[in-house]
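**Q** First the structure, then my questions, so here it is.
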């Protein structure tokens with residue numbers, strides 16, 4: 001007889017091999033047809049008591065998505081779905097940042113020389129087309145990753161109504177008195193010919209000069225100091241700015257010496273000056289810094305006067321203690337000179353070259369003007385050093401961290417120009433400053449990880465006023481009018497509203513296309529001929545910082561609550577989007593636009609190195625999807641500590657693939673062994689089933705709590721350990737005998753099946769937010785007792801607790817099992833046995849049912865017969881004797897319980913009677 005035909009072997013149509021790369025696109029297509037998945041999620045939770053809104057930080061509509069984009073969007077979508085399966089109403093409106101330098105630069109490359117002949121309107125139209133093209137490209141690339149969002153109704157910062165909303169936000173800030181136009185040094189990208197905000201600057205190592213220059217004090221100054229001659233020795237790392245020197249700053253709290261050579265240094269730095277060979281160190285006089293205040297020195301380059309001033313910014317950690325001060329080229333310099341009413345000179349044009357200011361202000365001798373006017377500043381350093389002659393006391397080169405433009409990757413400069421600023425320290429918000437209010441809001445915000453609040457807090461504490469103006473073409477205009485005669489900017493509600501309405505209908509292009517008379521109301525008190533336009537555009541960080549107002553507060557989108565539950569981006573956005581949104585939100589609403597902030601790290605190769613094409617270590621999300629499957633990409637993210645940088649490589653993805661197979665095969669085993677289950681009624685669970693259900697209760701609860709706290713790696717670690725060690729490693733293995741060999745309706749078999757069905761149901765619920773594709777697929781092959789009324793994954797829920805804790809203390813059994821298998825390893829190694837079914841276990845206690853104890857140790861039976869003892873061990877004073885089973889092997893179940901060879905054991909004999917009937 002072929003006994004195999006009599007076994008109740010597992011059966012399921014749920015495939016062992018997932019074929020993810022091949023099959024995922026088909027399922028994703030179904031999810032996105034008529035926005036099926038997202039709309040169903042909305043419909044299923046329309047009566048939910050709680051809601052969760054994740055406001056999407058907009059990527060640039062420029063280029064294809066990379067692995068970092070995939071990390072970001074998958075993490076967002078997983079959190080959205082976590083809240084959905086918790087029973088909450090969710091909203092996820094994706095968006096794109098469509099303005100700004102990255103897009104404009106790409107268009108410039110496409111247009112080449114043709115750009116020079118185009119109007120601003122035409123250039124902006126090319127930018128709009130470029131952005132539209134990449135919105136469509138990126139949207140499809142995100143959908144290829146199975147990311148569920150409101151893809152049919154995204155927000156685009158270049159939409160007409162959006163530009164109007166950004167402009168209205170700007171006007172609100174202006175009306176609060178927080179907007180100011182002034183000439184001030186700002187980061188300037190000469191390569192992009194535009195001002196930059198702090199968030200648009202990245203720091204790299206750069207080699208520069210370190211020079212010490214003697215500025216001779218004039219006769220009056222020497223007389224006042226009671227010396228025949230003296231020279232202020234300044235230190236600088238930017239020789240090219242010396243032509244614009246207006247002052248020399250000293251620290252008011254320090255003492256300064258005049259050496260025997262007549263050189264002035266800070267007392268605290270005299271020793272280092274001696275070491276550099278600048279002086280012998282012999283002191284002629286020592287005075288407090290304030291004794292030098294308002295004395296005048298002579299600039300050796302041009303003979304112009306340079307005033308000695310006090311500056312708290314002057315440090316004693318390097319240099320001479322006297323700082324070269326050019327108010328047009330440094331923020332500290334600017335503020336220090338402002339107190340003394342010193343003129344700001346700016347002899348550098350927008351492309352980083354010296355301009356006619358050199359001639360107009362006499363900043364260089366006339367015979368040098370032709371050589372220097374039009375010369376790029378970074379090519380002037382050596383020439384300046386040569387001109388200094390003997391006044392150059394010391395020169396060396398050093399490498400330091402220097403600001404670079406984030407897009408052109410060229411070093412930036414400080415350049416004083418007229419710019420628009422949002423003021424950080426004016427008490428305009430109910431007597432408080434924007435800085436104070438923003439810091440208060442941060443304390444009310446939940447951060448994941450918690451360290452984020454300190455990081456952004458220190459940035460807000462120390463940041464300067466926000467420069468929001470740019471001198472480019474593609475962006476939202478700072479659409480204000482200026483009085484032609486007085487040059488005063490006009491802040492008028494009627495004008496604001498009229499321009500906003502025009503933008504809403506015609507887009508911000510109207511600012512360039514329309515004449516002034518068409519941009520003001522017909523009966524306006526202002527006359528078009530007396531007005532002129534401000535043509536600067538807004539920093540793109542203002543655009544994105546205003547998105548909460550344009551998306552959540554405008555009513556134009558079904559995007560959820562007016563205040564986002566969460567903002568989620570890379571950790572670099574502490575200085576970017578998180579901060580710009582905080583400042584804009586606090587300025588107009590006196591409230592942060594978010595309740596919580598979650599940050600993730602960046603993607604690196606397996607060695608922790610940044611990915612780059614030149615290194616050949618780039619792994620694209622498309623490659624992962626087509627090679628391994630999106631589900632593997634998702635699991636890689638969820639198994640990683642996303643708060644730090646995430647390493648990715650083929651080796652790592654293969655390891656993740658193994659973990660995925662472990663999950664999939666466990667689900668498959670559970671489905672296959674519950675296929676013929678008719679109901680979930682069981683009189684009483686067997687001890688082993690109570691044990692696994694108790695373990696599952698603890699693990700499922702802990703995993704769920706971890707997932708709800710966005711600690712996905714922790715949740716999966718708990719879950720995978722349970723699946724490997726307890727479920728697959730013990731329970732499923734020891735349950736095979738009763739599942740396959742007991743009769744179909746046997747109580748022991750039914751108990752195991754019900755336990756498995758309950759665990760399978762909860763496991764699918766737990767995995768639904770994280771591995772939605774696999775769960776959706778599994779449901780198609782699951783017993784109705786597991787899937788219930790669910791037509792697909794979006795009908796599942798995590799609202800019910802899995803509560804099957806029978807209070808089992810398994811300490812004794814787990815310890816006994818461990819010691820048992822230590823002995824088994826020895827017996828197998830010595831080739832005494834091949835299988836534990838060749839054994840019986842002899843015990844003297846009666847704590848557990850013998851039949852279940854035999855299953856626990858996977859022996860043929862618990863016996864008290866005098867059989868050959870092969871090994872023994874002890875646990876908690878209870879003795880275990882491993883003996884050689886004396887009965888014959890059952891040809892059906894393979895246990896040594898038969899009285900005769902080739903004869904079924906009593907259990908199998910009874911089962912076979914039922915089969916034959």
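Any Cβ shown, glycine's included, is placed from N, Cα and C.
Note that this is a predicted model, so its numbers are computed, not measured.
According to Swiss-Prot, the feature L-isoleucyl-5'-AMP binding site maps to 569, an assignment based on sequence analysis. What Swiss-Prot lists as ATP binding site is 613, and the listing cites sequence analysis. Annotation source Swiss-Prot lists Zn(2+) binding site at 890, 893, 905, 908. The motif ''HIGH' region' annotation in Swiss-Prot covers 59-69. Look at Swiss-Prot and you will find 610-614 tagged as motif ''KMSKS' region'.
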**Q** Could you state the whole-number distance in Å separating the C-alpha atoms of residue 908 (Zn(2+) binding site) and residue 569 (L-isoleucyl-5'-AMP binding site)?
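**A** Rounded to the nearest whole number, the Cα-Cα distance is 61 Å.
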**Q** Would you mind reading off the Cα separation of residue 905 (Zn(2+) binding site) from residue 569 (L-isoleucyl-5'-AMP binding site), to the nearest angstrom?
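**A** With distance taken Cα to Cα, residue 569 (L-isoleucyl-5'-AMP binding site) is 64 Å from residue 905 (Zn(2+) binding site).
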**Q** How long is the line from the C-alpha of the residue listed as 'ATP binding site' to the C-alpha of residue 569 (L-isoleucyl-5'-AMP binding site), rounded to the nearest angstrom?
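**A** Between the Cα atoms of the residue listed as 'ATP binding site' and residue 569 (L-isoleucyl-5'-AMP binding site), the distance comes to 24 Å.
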**Q** Compute the average pLDDT of the predicted model within the motif ''HIGH' region' (59-69).
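**A** A mean pLDDT of 93 is what the predicted model shows over the motif ''HIGH' region' (59-69).
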**Q** What is the interatomic distance between the Cα atoms of residue 893 (Zn(2+) binding site) and residue 569 (L-isoleucyl-5'-AMP binding site), given in whole Å?
**A** 57
**Q** Is residue 569 (L-isoleucyl-5'-AMP binding site) helix, strand or coil when read with DSSP?
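**A** Reduced to three states, the DSSP call for residue 569 (L-isoleucyl-5'-AMP binding site) is strand.
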**Q** Around the Zn(2+) site formed by 890, 893, 905, 908, which additional residues qualify by having Cβ within 8 Å of the site's Cβ center?
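**A** Those within range, site residues removed, are 741, 891, 892, 894, 895, 897, 898, 904, 906, 907, 909.
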**Q** Could you tell me the C-alpha distance between residue 569 (L-isoleucyl-5'-AMP binding site) and residue 890 (Zn(2+) binding site) in angstrom, no decimals?
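**A** Computed Cα spacing between residue 569 (L-isoleucyl-5'-AMP binding site) and residue 890 (Zn(2+) binding site) is 62 Å.
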**Q** What residues, ordered by sequence, lie under 8 A Cβ-to-Cβ from residue 890 (Zn(2+) binding site) and sit at least six positions away in the same chain?
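**A** Result: 896, 897, 898, 903, 904, 905, 908.
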